[in-house]
Amino acid sequence: MTLNAEHEIHRRRRSRNVGLALVLVSFVVLVFGLTVVKVKQGDMMEGFDHQPRVSVLPPEPEASR
Amino acid sequence: MIGWSDQHDSQIEETMTDTNAYPGVPEAEFGDFVALLKPRVMSLVVFTAFVGLWVAPVEVHPFVAFCSVLFIAVGGGASGALNMWYDADIDAVMRRTKGRPIPSGRIEEGTALALGLILAGFAVMMLGLAANWFAAAFLAFTIFFYAVVYTIWLKRWTPQNIVIGGAAGAFPPMIGWACATGGISIESLLMFALIFFWTPPHFWALALFMKSDYHEAKVPMLTVTHGHAATRRHIFAYTLVLAPFAIWLGLTPVGGPIYMAASVVLNVLFIHGGWQILRRDEKESIADGYAVERRVFKLSLYYLFLHFVALLVQNWMGTW
């Protein structure tokens, strides 16, 4: 069997490659989106450097007295 | 190429010039890998997990909810791939499953096993990171239950295979609920019960008119081991057991008048269908090509779908 310019097997391989590319790109988008959401929902953490946000921390026992 | 035999030379030449390294075995395309994940089963998993997550009393960020349902679906797909890997010999015998990627030779068994294991690990890790680790552990248990307890252990051993194994298909709404709440409650247990007790009459109605396939594959389906009369009794009994759980769900905080009305109607119809199956004998069924059994099977699909739709609508309109 000779190798034609466009064979059935090329179509199958292309579908695998395109499918895998889409899966990988989707994964990157998901991880990025989840990161954004998690950082924004970080509650007592600052989004930019993960430092505790002093303004929302519970008061120290000494300070509350 | 000194020292290489003619056979090697011809093999290399064939590999280099032929478009297929394995003559007679077609290469898989992307759709074959998707088919390995049982997309139709995944659709049920996605829908019920989504409803479980949506009706839970804890608000979840829409993107986290989307990702959670997606990872539950991937976990379900992993179970499907592991199931197809182990059941390749059965699938090759049954008419309905002969064309699946492994028996048709498009995907090798080892590839299916690897894909199933990798996707299972991926789905559990990602669900843990996206939602919480209780939901992730629950998903891991569900995959184990479907792949090992049902597929490897129960399916070829007991006619009660789908009764116990049906639990795997009933866990997704509990996992969805756990994604939102981080735990289990009576509502999620009743959603589990709804699918768990629905599975046997659903599958046995199918088995009544697909009997030859299971028989040839030597799967101990109730129709093969105990006969059709016993299967008919079991179908009716399960429709009776199912109804109280379905209606009880309507009395919990996720229920309401819309769900209750839908549930009562659907259960009356399903019990009536079970009763009709019970009263028929083989002669009647063969005469009309199992018309009633086919109708009840179709009704069972609507039964489950509409119960979960009713939960969504009720949540949107306001619960009790």
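Cβ atoms are placed via backbone N, Cα and C, with glycine included.
Please treat TrEMBL annotations as automatic predictions, because they have not gone through curation.
Here the structure is a predicted model, which means the values were calculated and not measured.
Annotation source TrEMBL lists transmembrane segment at B:41-57, B:63-86, B:107-127, B:133-154, B:161-184, B:190-209, B:235-252, B:258-278, B:299-317.
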Spatial neighbours of the transmembrane segment (B:133-154) far in sequence, C-beta under 8 Å, 6+ residues away: 68, 71-72, 75, 78-79, 82-83, 86-87, 116, 120, 123-125, 127, 160-161, 164-165, 167-169, 171-172, 174-175, 178-179, 182-183
Same-chain residue ranges lying at least 6 outside the transmembrane segment (B:235-252) that approach it to Cβ under 8 Å: 186-187, 190-191, 193-194, 197-198, 200-201, 204-205, 259-260, 263-264, 266-267, 270-271, 273-275, 277-278, 296, 307, 311, 320
Sequence-remote partners of the transmembrane segment (B:190-209) [C-beta within less than 8 Å, at least six residues beyond its ends]: 48, 51-52, 162-163, 166-167, 169-171, 173-174, 177, 221-223, 228, 231-232, 234-235, 238-239, 241-242, 245-246, 248-249, 252, 270, 274, 277, 285, 289-290, 293-294, 296-297, 300-301, 303-304, 307, 311
Surrounding residues of the transmembrane segment (B:161-184) on its own chain - C-beta under 8 Å, 6+ positions past either end: 41, 44-45, 48-60, 65, 68-69, 72, 76, 79, 127, 131-132, 134-135, 138-139, 141-142, 145-146, 149-151, 154-155, 191-196, 199-200, 203-204, 219-221, 308
Range from B:63-86, B:107-127, B:258-278 with most C-beta pairs under 8 A to the transmembrane segment (B:299-317): B:258-278
